[in-house]
């Protein structure tokens, strides 16, 4: 159980290393009869891909997905959807310097300990390149979730934090700037800050907020597979994520119950939404919203001391083309994982009643 | 798939409603030959049980666990461990007032929508009473994890926040006060605050911090089943939890990568531990630490307006014996879920290498 | 993963040893709103229980099931159904003779090798007593499968084989004799033969045939989880089963394809049914029928030589009250497992199409 | 849960239709550090591939596997092994005649019913072409199972049945003839018979026997995941399989327990092996052997009447290049599935004891 499958019924299995022949996956459990919009899939891949703007890594990877199965005459057949993205830009020599030493706060050291050795080319399986396969699966899940709107955006970069609540924002502005922050003024500040950090050869973290609207009531399974528990796992499984909170989150602990409780309107909606659209682990029809914290990227373009396999100190330096801040490119990944979780619970929910 | 099983190999399935005959579970996958300390199991149940101090609910539930199988001559046999905790204090009449109306920020409304009807006696399956079964499973997991130390404690109640880092605290003081905060001075403040809130008939949230020491290197599966992803899911599956962060968490996003990276010592340990003991989803041998946010309990002992099944407005009032703040009793639950996750990855890890 | 759970969505987990305090289980995933007929559950348990006739073991076990959860006001709530059957007739001393030696063709030896030691009282977890929990789960599954008729019966005892095809038999006669063979004449022969074998202190095997009528088209998942593959696994998981065949089975290999193919009628039914109601792993609406082979019970009431834990030869003798032939009591178990498989695929099938 | 994954820990997921771009799979859970013999993988693929002899289908498919991930410097890395076999010989026009009508005893009809439509090109997902992916996974599993010998062979074609017990046969002769029967005389008879059947445009069934030697004691999980239950499911999931029996199988039901029981030698081995190497669902170190029944291939090259989508009678005729008897090519598939099951239980077994 190497943990490369996500979902109970709408199941995505991924494979592939950053510098292998191809990455890809198998999406199993997508119901038959879904007419696929292949351009929408590619659009999400393009939102994740390197080289899209001046504030992301300048690697060139076209990230074109090739579908092998599960689709006939443009529609899903109910059989597994196999796909691959061939790696075309494998500059393995960029990584020769990390073959024998361990980069701090990367998976190099623990992989060697766990598996006895590792594919040292660019992070191998621990590379965020794997998430391209998730974006493919998520883009199909989005299409299955007709009527549900999922929007993620950058709400914090370093200490620059969006003050406005999500419902004061215009989501149509998310894609209008390279940061993917729907507040143009703040987006500009964030962009400037990321450029400054990049010039220093350093990196910085950020927060992505995600909102799902029009989610039907009843998604989520009580007890262990609560909707927010699976959402949390989905987000925490994305590279560099350090935290997850939904609804009132960490701030909500300071409130009193009398103020925190969401009073009902007569139609079953609530006057406030501290619950974040989920009560007892089950969606209640209100907007679902949550925050995802990303740490600063570990690869800095500065000299640093580390150790080699034998435990000797060595001086080294980050090379290659890396992201100074991961959140702009992580926006479609957060959306993809959200869609996968919701699609999964849509199918699970079909078994709730007689 | 109603989601009542947790774990891949070390698997806990629970059953039971707050006011049914019994709650209980089946722990499947615990290796054979583990000599069980039954008193330790009961001790953890007692740490969770109602009525243990003045700042928790005054319900009386002895919470005595009865083991049915999987144990012979005091040792686990490798077969499933079935157990039950019989409910002895089922004051169902306390809950008659919620049969026809929906309590705000409870699961009442969504259960009715999802399942068509619900066991309205005291929350039924959505009651935190279910977590007693988790404590039983977790207490056995702790014993399986010989050498690993798991300590959870209350680090925040309302706005009262422990300033000290976890490694400045004396864990032997955790059980010395009813709040389960290892800083006696802060513990007293928290206790006073909870009493004040209780007197108001109100409730307040809090944060539990958990630390696992001596975790071997290599636990966690890359990609979807990262160690912190499963820990996050485990925590988020506990009633009232709204957020999870590990290592540097949400604060870490403000740091630069050059400062956030944990530099290696020559023995593979790191000089700092912003990673929270986990790199690339796999334990690195350093302390694992994380925070879990709990919302204020939804049941307040105040009159409030809500709706009935037909959508009519009704006035009602919280009754019964409820916790003004859930975190003191949730400490053993957080430890139990942590132990279940670690035990699960210990077994999974046995398949990593030839 | 000790393998004590069956099913993907309609999931039964069982626990318990033959001579522990209780056996039982958790049925998770049964949809909400099913009105339960508790007498029907007990009727199936009574068909399985010892002491019901002169040709089965004379042990006395009332086998009364106690439900703990998941049912409210007589209906399933969608939450897990926990239940237990308390062991009342634990004559552990009957088994003291097998503590230190291994009974041939029992699990004693392999359990000691696999787990390091075993609960030696009466087979422990390897006892067919575990199947009582399956009968409980299966009885609920039957009720979920309203309209589908599942009938199992004994079609062979030793060399005595029913010649008639299943559709020439009157299933209402199955319960009219202690063998559970719907042909009264053959039933009498079988009964006489079992009595003779019992007098010899010996045992004999048999075959159970099972027929499921009115199964909707479309149950079963292509490739690995074919309907007959899961049915086969379900049957082979029953104690003492050595073989499974469906439709034309082993005899069908001798046929030519032109004769074996089931030609269509214009309504989609087929003129013959060599397929056994399943094509490509998916039900086609025709009767599903299959045979299950049971070996002769291993416990014979005769002296025999075996070995002890140290590998020394020892003489011993089967004691206690055992079945001379297991098939009459296994009929409700075969039905229960069939119902569990069909219920599981009913739920899985809800995800096939948009 | 469309059922395209096999195994609990050593997990194979497959994808692909007979006439899509590619078939392939992901093998997840193979431990790190296994040095792979790629020629051995291809050898097994070649034993399965069409066109290898005069008695199998004359389609030309090179079936060259391309590995995408999970392997580095010739060894498994512990990450998922993604692979694809590109389809090069897609004569889709061969199948235009089945677009609108249903072939008897194929999956055409039930797929249309279950999914609303189907990929009608050559069976799509229901084609046995899928099993090439299993052979790849199984070939890797074989290499993981160092020391265990798995040999499958044809023991029956139509009514021509090998009389000798498996331990009287010389397995080195299996590959010496196109039938894969280790008795040269019988092999010749079978070959002649298959040729005769082929000339008639007809097909015939057969039986494959499989023997696994040197299996360690302790594989298999009691209760639902018995070793023979998972073996049975694995075999029954192969296209055209109608029955499975192990050890004494269906014949054993006629024996008395006193004769059927396998008496122990002092070293724990048994004097006879009616148990087929498995007791109580767990391997006992003796040879594991079982039989698998395959029905006659449904595609006959003869005119026949069937129905179209609207239920009208239509005359049609099987075309293309099909196998007159499937068993010679199914031998490596049976071996592959056996290897997958054993590898899975090897990993599961690592969790049995402390």
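Note that Cβ sites are derived from N, Cα and C of the backbone, with glycine treated the same way.
Note that TrEMBL annotation is computational and uncurated.
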Joining A:125, A:126, A:127, A:239, A:240, A:280, A:295, A:296, A:297, A:298, A:299 at the FMN site recorded in TrEMBL, out of A:99, A:321, is A:321
As a whole number of Å, the Cα atom of residue A:297 (FMN binding site) is distant from the Cα atom of residue A:48 (NADP(+) binding site) by 16
By CA distance, which of the binding-site residues (A:125, A:240, A:295, A:299) lies nearest to residue A:48 (NADP(+) binding site)? A:240
For the binding-site residues A:48, A:127, A:240, A:295, which ones lie near chain B, with a CB less than 8 A from one of its CB atoms? A:295
In this structure, the one of the binding-site residues A:48, A:125 whose CB has the fewest other CB atoms within 10 Å is A:48
Which of the binding-site residues A:125, A:127, A:295 sit near chain D? With a CB under 8 A, the answer is A:125
Around the Cβ of residue A:240 (FMN binding site), the count of other Cβ atoms that are within 10 Å: 22
Counting other CB atoms within 10 Å of each candidate's CB, the least crowded of the binding-site residues A:127, A:299 is A:127
